[in-house]
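Okay, so here's the structure we're looking at.
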């Protein structure tokens, strides 16, 4: 079948040496995927861990009313996302002044410190250290979600940018799958004691520690180094990343593009701290890009993914899965479906079928699934309908993951070619991401109590609204180099990709023709020079 014939097929906008697609760029993706492993693990383990009887007993949640305990649990979950929101803001001055790598190192240190502080919580000390630790970990995670997409966009070759960025999404899904099954495992095998909930919390140190070690291997972004006029270091890093000699034509082409961009940016944007934000506010095309990318992050959460991630035991109980252990197992299967879907997306979808097409294809399926589940919960017929509802949830999960899960991260990072505003642009995106996650996780339990089955209709309706939004506003970006992204937004979204690809190919042919003409002209001049010299020698 053509659909699965070549998962490693690369779509190029111009001829690219094979050396460019080397193991180093994949190692970058793997290391940065460790930061998302921490995020994923948190979304996987926290909902199941705070539902454990041992946790509820140690922190006296079992002595509270249902509404009071729900309020405490919502706070434990959501302070992490509040930290993420502020972390995304604080990342900007770090990367602006000190570079992408220093920002990543700083985020990894804060993340690890927060994971350690959480472990100080106990039935005697209360939840204070838990709140502080989760807030700090959130600060580190929020900073990394702002910096990682920028770093990958600047360092990854255009034709495989989506594939490298998908490793971030894979790390996220591995983390939440492990987190789900850790909660299930401790509930199944460990007696109801402090150790039962302490183990899932302590495992956070593993991805945080690995990420902290890994970021020291990374090289600073050549684009950022050129923007700081550190040209020799930038050239060294670029040739190392591309695995090519500094005299190679591809390196010369990439350097020429970077320098011409920077020259334009210095003239039209400025180099001040607030200049990027001022330029965004003054530019219609940048505001359009910002509106689309921020909306994708918001829509991602309005689909319901974070609500289900963090409160999956509650949702599975609503569908009809009985018992804490059974609910945790179903949650683990939910994680496995997400992981399989993410691998499928990264291998077969993201670079072969792009961003726009998959969202448009999968949105109606996601809507149908949740409309069915909402109807089932309303009438609660049980039996085969209950199994079908559970199946629909897993189907929804698969189609959500291969469409709107990773797309906002890739899209928001790759549509900005201007190095001077990319960091500020991504900060705003991250703020909207974490604000929407915070609001959804903070009020999910309230929505379930007040809306019941209606919460599924709420999620489904947003999936329907995604279709016209993406069709009319979001252009396809697959295979387009950063330098040509602005052109996509000069055309109607539904035909922009084809038109821009045609333009690039025509320009590439023209460049080749001009180079051949230049070579022939040089050869002719050299030939004339030799003939003239020969004539002069003969006269002598």
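Every residue gets a Cβ built from N, Cα and C, even glycine.
Looking at 153-174, 175-196, 197-218, the range tied to transmembrane segment in TrEMBL is 197-218. Per TrEMBL, the listed range annotated as transmembrane segment is 423-441 (candidates: 271-289, 309-327, 423-441). When TrEMBL is compared with the stretches 328-350, 489-511, the one noted as transmembrane segment is 328-350.
Among the ranges 252-270, 290-308, the stretch that TrEMBL annotates as transmembrane segment is 290-308. The average per-residue pLDDT of the prediction over the domain 'Major facilitator superfamily (MFS) profile' (28-478) is 89, rounded to a whole number. Pairs of Cβ atoms less than 8 Å apart link the transmembrane segment (132-152) most often to 197-218, out of 197-218, 290-308, 453-474. Between the transmembrane segment (357-373) and the stretches 25-52, 102-120, 197-218, 393-411, 453-474, the greatest number of Cβ pairs separated by less than 8 Å involves 453-474.
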